[in-house]
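A.B. asks: First the structure, which I've put down as structure tokens, then a few questions once you've had a look.
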Amino acid sequence: MSHIAKIYTDKDTTLDPMKGKKIAVLGYGSQGRAWALNLRDSGLQVTVGLEREGKSWEQAKADGFTPKKTEDAVKDADVVIFLVPDMAQRLVYRERVQPYLREGMDLVFAHGFNIHYRLIEPPSNVDVYMVAPKGPGPIVRDFYVKGGGVPVLVAVHQNHSGKALEKALAIAKALGGTRAGAIETTFKEETETDLIGEQTILVGGVMELMKAAFETLVEMGYQPEVAYFETINELKMIVDLIYDKGFMGMLRAVSDTAKYGGFTVGKQVINEETRRRLREAAEKVRSGKFAEEWIEEYGRGSPTLSKGLEEMDKSLEEQTGRRLKEIIERGRPKS
């Protein structure tokens, strides 16, 4: 049975565990930039570590940092934060981080994949913990600048110092996360629920449901442009209502016809067979089979992923959406 999560806010946390520590943020993409800026603006000492000079290097310089090569940033650091892509982390750790680890250093992750599936196995004399913002980097930064914060998950994998949770919460606070709330979890729970959510709903399930509805309408003779609005474009408005006001708030905002159709037909579309398949997908993640499959796929150059992206780029859904973009943008209110 599920238990009630422990949630920490600003009043429960302090920046003290991170004060005076040299923090190396590895990567300067969406999350890396937001983390580096927020931590620095919270008064912490931040260095950006990058593999090579390029756009990210120049962006970091433009933002007032003096970026270093990854290994140089790690050599000087007390805290190393991994914000490079998941599948690049193992190589970065092995070649750029592991040779320079010292007792008492901290390794920080924003997603548990590499630790949970043992792609990275740190020595026992360092702290290993996670701070995972539940939003994309630009939102993490925007909310922070405006005085708010994106909720975060925090977890501890190794607690050599005895203070790993306090340090995780200090970073969460510096990111702005405890302005909303930091939810305590585990690497296992964060990794598995993140992957299950992505596959069954956020990327896989929702996209395939939209495609199936769109293609069904087109096959029945309806115009692709009309089908696109009804099955794809309007989803954002419904999700925004749920995000802002919950399911009941959304239901109060739609017509009685929509409510009745949703309650009666929705359960026919998402039925027990669908739930069985959801459980199968979840078990594949929990067992580690998905991770094994993805690691093998990545090692072969990601042919399945490349094929999927190519097919989507050429799909009628995507082509219709591009044609309608001008109409959609023309009607968007000017800020």
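Glycine residues also receive a Cβ, built from the backbone N, Cα and C atoms like all the rest.
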A.B. asks: Kindly point out which candidate in Gly112, Gly135, Gly137 is recorded by Swiss-Prot as part of the NADP(+) site with Tyr28, Gly29, Ser30, Gln31, Arg52, Ser56, Asp86, Met87, Ala88, Gln89.
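C.D. replies: The one candidate that Swiss-Prot places in that NADP(+) site: Gly137.
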A.B. asks: How many Å separate the Cα atoms of His111 (active site) and Glu198 (Mg(2+) 1 binding site)?
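C.D. replies: For His111 (active site) versus Glu198 (Mg(2+) 1 binding site), the Cα atoms are 13 Å apart.
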A.B. asks: Mean pLDDT over the domain 'KARI C-terminal knotted' (186-331): what is the value?
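C.D. replies: Its mean pLDDT is 96.
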A.B. asks: When a 10 Å sphere is centred on the Cβ of Arg52 (NADP(+) binding site), how many other Cβ atoms does it contain?
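C.D. replies: A 10 Å sphere around the Cβ of Arg52 (NADP(+) binding site) contains 8 other Cβ atoms.
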A.B. asks: Hey, of the binding-site residues listed (Ser30, Ser255), which one tops the CB count within 10 A?
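C.D. replies: Checking each of Ser30, Ser255, the winner is Ser30.
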A.B. asks: Please report how many Å separate the Cα atom of Glu230 (Mg(2+) 2 binding site) from that of Ser255 (substrate binding site), as a whole number.
C.D. replies: 15
